[in-house]
Structures are given as C-alpha cells and as structure tokens.
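Scroll down for the structure; my scribbles are underneath it.
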Amino acid sequence: MSAFITFEGPEGSGKTTVLQRVSEKLAQDYQLIATREPGGVPTGEEIRKVVLEGANMDIRTEAMLFAASRREHLVEKVVPALNDNKIVLCDRYIDSSLAYQGYARGIGIEEVKQLNDFAINGLYPDLTIYLDITAEVGRDRILKNQRDQNRLDKEDIAFHEKVIEGYRQIIQETPQRFAVVDATRNIDDVVNETYEIILNFLK
C-alpha cells in the first residue's frame, strides 16, 4: 500500500530524529522511503543550500524557491515511490511553507498556498504528524545539542512563536489530516506514540 506521511513542527521539535527512528521500526513490516524538504533530490539539495545557508533574501523569493524545490522533489522521488506502493515519510512539506513564509513572514497563508498548490498539483499528505513544542524549548534544544544553525534557526524567538501560531491555524482549519504529538517529552515516548499513530492509520 502507498501512503504519504509528513512530519512538521518548529525548529528543535525533533522531527528528523523521530522520523528516522519511526522509519526504522516501520521498515520491518512495510516498504518505505524517508526523505526531506527542502532537498531529497540533487536539485532540491542545491536549492536547500541557497535558502538555508545563503544570505538573507526577499521573502517572496524564499517562498518561491521552497516551492520549486518541493516540485522537483515530488516529481523525482515522492510520486515514483507512491506509484511503487511505498510509504513515503517526509521531513517537512507544504505546511512548513504556510507556517514559515505564509504566516511568520507575513506573506499570507492563502497566497503561499496558491503558489504551492501549483507546485504540488493536488498532492496533499494522507497524514501529517505535528510535533508540538514551544519556541523556547526548541531554541534551548538546538543550543544544548550544538546543532549547526541554518538561516531560519537564527531568526529571533518572536519569529518562531509566529511559526507555531501559523501551524496552529493550519491545524485548526484542516484537523482531519493532523495528529498532534507532545514533543516536550522523552524522545522514546515521542517515537513510540508517533509509531502507534502511523500503525493505526495504515491498518
């Protein structure tokens, strides 16, 4: 069976770690791929370098680059895997653009949605796991783990609080697609709950 499952959350929420560990557990019983945005394919990785490691840029340029990376990633990796009846686990997708560029940057969620609707051509996730933490907890984790910080990581706390507000608005408008997980807990508990949510969804 095929399923498109995305992982969302603010910086420091543990998305990458949770996705990796959940994918290892699921791989025992399912055919799947784990991937990420921006990136996932060579062209997308090049765009990732520009938007995350480069200098500050116009906010609409930023939004369009994320959408371009998303389109290439879909065409080259996600859609072929779904057509092969695989489960796709993706670290970030359209909701990141809506929360970051649409809400926190102030472009407008609907405006960024229109741009991304063109890019994704109707391919929305079947399920989105949202790892819920506060901006302060996320920042403290990044500093504690001494993680390399990209351009978005370095935004001030007010920006990251807006990102979370954006996510909450998106979840409120489309609750049927989201499963919200308290990511302030021990990582093992977060992984186990996320794994159970996905297992129940796939049954």
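Using the three backbone atoms N, Cα and C, a Cβ is placed for every residue, glycine included.
Taken from Swiss-Prot, the feature ATP binding site covers GLY9, PRO10, GLU11, GLY12, SER13, GLY14, LYS15, THR16.
Counting only same-chain residues at least 6 apart in sequence, those with a Cβ under 8 Å from the Cβ of LYS15 (ATP binding site) are PHE7, GLU8, GLY9, ASP91, ARG92, LEU131. Each of the binding-site residues GLY9, PRO10, GLY14 was scored by the number of other CB atoms within 10 A of its CB, and the lowest score belongs to GLY14. Other C-beta atoms found within 10 angstroms of the C-beta of GLY12 (ATP binding site) number 24, with every protein chain shown included. The sparsest Cβ neighbourhood within 10 Å, among the listed binding-site residues (GLU11, SER13, THR16), is found at THR16.
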